[in-house]
Amino acid sequence: MASVPTQRDEKEKKNDELATAILKDKKRPNRLIIDQSDNDDNSMVMLSQAKMDELGLFRGDSVILKGKKRRETVSIVLNADNCPNDKIKMNKVVRNNLRSRLGDVVSISSAQLEYGKRVHVLPIDDTIEGLTGNLFDVFLRPYFTDAYRPVHKGDIFTVQAAMRTVEFKVVETDPAPACIVAPDTVIHYEGDPIKREEEEEALNEVGYDDLGGVRKQLAQIKEMVELPLRHPQLFKAIGVKPPRGILLFGPPGTGKTLIARAVANETGAFFFLINGPEIMSKMSGESESNLRKAFAECEKNSPAILFIDEIDAIAPKREKAHGEVEKRIVSQLLTLMDGLKTRAHVVVIAATNRPNSIDGALRRFGRFDREIDIGIPDAVGRLEILRIHTKNMKLGEDVDLEQVANECHGFVGADLASLCSEAAIQQIREKMELIDLEDDTIDAEVLNSLAVTMENFRFAMGKSSPSALREAVVETPNTTWSDIGGLQNVKRELQELVQYPVEHPEKYLKFGMQPSRGVLFYGPPGCGKTLLAKAIANECQANFISIKGPELLTMWFGESEANVRDVFDKARAAAPCVLFFDELDSIAKARGGSVGDAGGAADRVINQVLTEMDGMNAKKNVFIIGATNRPDIIDPAVLRPGRLDQLIYIPLPDEASRLQIFKASLRKTPLSADLDLNFLAKNTVGFSGADLTEICQRACKLAIRESIEREIRQEKERQDRSARGEELMEDELADPVPEITRAHFEEAMKFARRSVTDNDIRKYEMFAQTLQQSRGFGNNFKFPGEAPSAGQPVGGNGGSGGNDDDDLYN
């Protein structure tokens, strides 16, 4: 039966919609979608006749167009029969002036423009290289004569004449900001040409379109910033003061600074940037003075946004600040934030990745009113970011950005930008044989053949890792199931534990249950516990953090627990993530029995581990795998359901598993046809996986030794023969030891030894049997009456999912 949405679900959905309501485009008749124009004239836009009638426009009217980033331009409107009602046709020049693309939405309204007295235009430098003759006579006069073209300050227009295309920029108009160039308008063109770089910089200003994966946060910021700056009367009408400050916090690379720049560009507000450390000065009182000047500048140019980057550098907690300067700066910032005139139209945005190190007084209401967490994006957010970064890239047909987004767990915006860059560089490397560094130019054919492929992205993903985990030893291992011989039941159990929640989350949602997130491997040393953890992390494409128990312990009080917290925080940031505790018994010993433990550090560490495993913090997709060969000394609280609830015994391999281990170890090794691996497996009873691998390594070493000795002998014989002038035989040039033979294994078996004694095995068996008995009902529990026919119970025991005997070594 499908689950019925509850009243609570409906309420949550409504709240979500309200939270992002500000982002929804309001439908208005004058908002139209941009389409490609058939007309190449820079001053013309086309509408359907019906739309012109609806908006009260006539053919030849001047209109003002508003695009992205508060950009405006003016044009003449014409009717076109082939233009749909909801579209507006314009050429590339007009689109660039509006900072818009095909498919974007622009608004159009009638404009009452005056004839201009003066217009000042300047050419772009790279379009007039090598030009001789008068620019005015050749280009500008024919372009403007009798055309009555409307122009807007800041616009760029192109003029074609004398087999050349020249770009001009409108620097100034009188009256400003737009006018019509009439026959008596004076056109000035004196001055240095405008540099292309400066123009490109202006074109590449960031806007809301360049932000991905922060939809909800962007809605909050627009509420807090755009509403007070654009419509302060809203707050006045409802009787509250508009917010003054926003604190953006989150890991490095999530886009905090980018958001602030985009808001400034889109609102058209004055933007003043303070980089935290820059205002510090060695002169007494100068640092505070710099802050005061910044606030005064913003108030003078309101509406304004004051952005303080890395605020933790200038506003640390006063009780922890070492110098007097920091304390004075914090006090100055507090008074300035309070002293901002209520309707001064100045919003302060601050960014930090260490919100807890900022002075508490700054974080109260009335200073930084709202704290917005710019977190690590999910798969949908990552796809948005990838689309933004690849919009100007040439991509091959096989590139599946959705798949790339799904596999880049834990990546922030900066990591994804680096990934795209690395993939593009790899594509260039592949074409390197066609490129000569000494040449001044590169063939157009080579340039056209460049396209980033999925293979390039795969290569880049192999090299990149989430920045949140750079300092932790995080690797996606390259161990696969084929590297592990035997243990089929254990593999299945692990797949259900880790792969299912990552790959089929909807199934858990359907049955309304949280997946189990912890597993403990126990068993004799050398049976593949660590190898299994690596394989599962690789198979489900999760990040993998390996923690060696003793590494967490330090001599400083409280530092060991902080290390545990940091590790779990990093794992949560890079979810889905497998946290692997090797030698768990070193940090999870039963509490209260630590003899000679200074200050009870080991007990505090285990307490921290327990709260992190099953604490108040939502674990997200963090899976904990512990491995130990001393399960008897581990604290029972760690092994309860909800923490490490799946206890899996990794026994010594049976005969079939030993054969699999031999095959896995020797799968890349040339073997002679008469080598009987079945016989080897039959005669290595009681050997662990590590012991069997060691036998293979020793046989390989013996083969290498024999090969080198024979080569030296043959080389000597060859030299003797050539000295006597005799010819070399064909067979003497062949490889002396082409494969590993029975003799090598017979020799290796002389040195083979068991690393696990019968006594050790008995201990593990007893522990496993104790667990079996503590399971209570075993296979005897049944409901009264007939069992439902929907399916038989799977796997009687909870350990390895097979028969009871599978749990133990026979």
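Backbone N, Cα and C define each Cβ position, glycine as well.
What Swiss-Prot records for this protein:
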BINDING   Pro252, Gly253, Thr254, Gly255, Lys256, Thr257, Leu258, Asn353, His389  ATP 1 binding site
BINDING   Gly526, Cys527, Gly528, Lys529, Thr530, Leu531  ATP 2 binding site
REGION    713-732  region 'Disordered'
COMPBIAS  713-727  compositional bias 'Basic and acidic residues'
REGION    777-810  region 'Disordered'
COMPBIAS  793-802  compositional bias 'Gly residues'
REGION    805-810  region 'Interaction with ufd-2'
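Distribution of Swiss-Prot features across the structure.
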| residue | record | Cβ contacts under 8 Å, 6 or more apart |
| --- | --- | --- |
| Pro252 | ATP 1 binding site | Asn353, Val412, Ala414, Ser467 |
| Thr254 | ATP 1 binding site | Val214, Ile374, Gly375, Ile376, Pro377, Val412, Gly413, Ala414 |
| Lys256 | ATP 1 binding site | Leu248, Phe249, Gly250, Asp309, Ala351, Thr352, Asn353, Ile374 |
| Leu258 | ATP 1 binding site | Val206, Asp210, Leu211, Gly413 |
| His389 | ATP 1 binding site | Leu416, Ala417, Cys420 |
| Gly526 | ATP 2 binding site | Ser688, Gly689, Ala690, Asp691, Ser755, Val756 |
| Cys527 | ATP 2 binding site | Ile650, Pro651, Leu652, Pro653, Ser688, Gly689, Ala690 |
| Lys529 | ATP 2 binding site | Phe521, Tyr522, Gly523, Ala627, Ile650 |
| Thr530 | ATP 2 binding site | Phe580, Asp582, Ala627 |
| Leu531 | ATP 2 binding site | Thr479, Asp483, Ile484, Gly689 |
(message) I'd like the Cβ neighbour count for Gly528 (ATP 2 binding site), meaning other Cβ atoms within 10 Å of its Cβ, all protein chains included.
(response) 27
(message) I'd like the per-state residue tally for the compositional bias 'Basic and acidic residues' (713-727) from DSSP, helix first, then strand, then coil.
(response) 12 helix, 0 strand, 3 coil
(request) Could you tell me which three-state DSSP class Leu531 (ATP 2 binding site) falls into? (result) helix
(request) Return one of helix, strand or coil for Thr254 (ATP 1 binding site), based on DSSP. (result) coil
(message) An 8 Å radius from the center of the Gly526, Cys527, Gly528, Lys529, Thr530, Leu531 Cβ atoms defines the neighbourhood of the ATP 2 site; name the other residues of that chain inside it, in order.
(response) Phe521, Gly523, Pro525, Leu532, Ala627, Ile650, Gly689, Ala690
(message) Which secondary structure state does DSSP assign to His389 (ATP 1 binding site), in the simple three-class scheme?
(response) helix
